[in-house]
Amino acid sequence: MILLIDVGNTNIVLGIHDNEKYIASWRISTDSKKTSDEYSIQVMQLFNQAKLNPEDVEGIIISSVVPNIMHSLENMVRKCFCKEPIVVGPGIKTGINIKYDNPKEVGADRIVNAVAAFEKHKKPMIIIDFGTATTFCAITEKGDYLGGNICPGIQISADALFERAAKLPRIELEKPKSVICKNTVTSMQAGIIYGYIGKVEYIVKRMKKEMMDLGEKEPFVLATGGLAKLVYSETDVIDEVDRKLTLEGLKILYEKNKE
């Protein structure tokens, strides 16, 4: 039984993989103020609720984009499972060739997604991860990680509009039926959501052209993250949504790096 931990800016996703399938997954809030003891209590409660025995965990792997939380999480792993976790970072075996100017700058989440996408599809790809930030990554058919781009996530865009425009309210991210709206709330929803979809479509179009100019076949576009399905339902530039892409990548990296 393998424990997979994906630490994002907003949430931590934990998954349990056993006998070639996922048997449990949880989402908890990312909180850098929590101690290792607090995380230990929370994780043990999740295991108890799922009727899982911590002693059955053979290994743990962690991917994190929040450096100041790692001390607490690594200590939690040692306390709860009496094991050293594998941490995604410089020196880890990935099976892909990172073509970034400084490979150490590539976020762990982007590496994990790229590994999963390449291992599963073996074709030129654009990977979009709709998280707190939205990331776009380009992978060649040979497994070269060419790079990509990062932009504010949909929720960040909504929060910024509320915080910087005095008369605009905080809104729920719901998709209105029209882009010609007749009240403030739906006008904001339309501008944020449909404007965001337009941004995704342009970036994908531009990335496809640049990759094909390098001699790649037309890339397959794979999306993951919390709002992937919302965007997918409104555009034809995304070929597939894979909600478990990051957990799949962590499992692959664990197998490549376990002793």
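Cβ atoms here come from the backbone N, Cα and C positions, even for glycine.
Listed in Swiss-Prot:
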BINDING   Asp6, Val7, Gly8, Asn9, Thr10, Asn11, Ile12, Val13, Thr132  ATP binding site
BINDING   Tyr100, Gly107, Ala108, Asp109, Arg110, Thr184  substrate binding site
ACT_SITE  Asp109  active site, proton acceptor
BINDING   Asp129  K(+) binding site
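The binding-site residues listed here are Thr10, Thr132, Thr184; among them, Thr132 has the most other Cβ atoms within 10 Å of its own Cβ.
Each residue contributes its Cα atom, and for Thr10 (ATP binding site) and Asp109 (substrate binding site) these two points are 13 Å apart. Compute the center of the Cβ atoms of Asp6, Val7, Gly8, Asn9, Thr10, Asn11, Ile12, Val13, Thr132, which mark the site for ATP; besides them, the chain residues with Cβ within 8 Å of that center are Thr30, Val65, Val66, Gly131.
Annotated pair Arg110 (substrate binding site) and the residue listed as 'K(+) binding site', C-alpha to C-alpha distance, rounded: 8 Å. When the binding-site residues Gly8, Gly107 are compared by the number of other C-beta atoms lying within 10 angstroms of their own C-beta, Gly107 comes out lowest. In terms of Cα spacing, the binding-site residues Tyr100, Asp109, Asp129, Thr184 that come within 10 Å of Gly8 (ATP binding site) are Asp109.
DSSP assigns Asp129 (K(+) binding site) to a strand segment in the three-state reduction. Shown are the binding-site residues Asp6, Ile12, Asp109, Arg110, Asp129; of these, the residue with the fewest other Cβ atoms within 10 Å is Ile12. Ile12 (ATP binding site) sits 14 Å from Ala108 (substrate binding site), counting Cα to Cα. Checking Cα-Cα distances from Asp6 (ATP binding site) against the binding-site residues (Tyr100, Gly107, Ala108, Asp109) with a 10 Å cut-off leaves Ala108, Asp109, in sequence order. Neighbour counts were taken as the number of other C-beta atoms within 10 angstroms of each residue's C-beta; across the binding-site residues Tyr100, Ala108, the minimum falls on Tyr100. Here the binding residues for substrate are Tyr100, Gly107, Ala108, Asp109, Arg110, Thr184. Their largest Cα to Cα distance works out to 43 Å.
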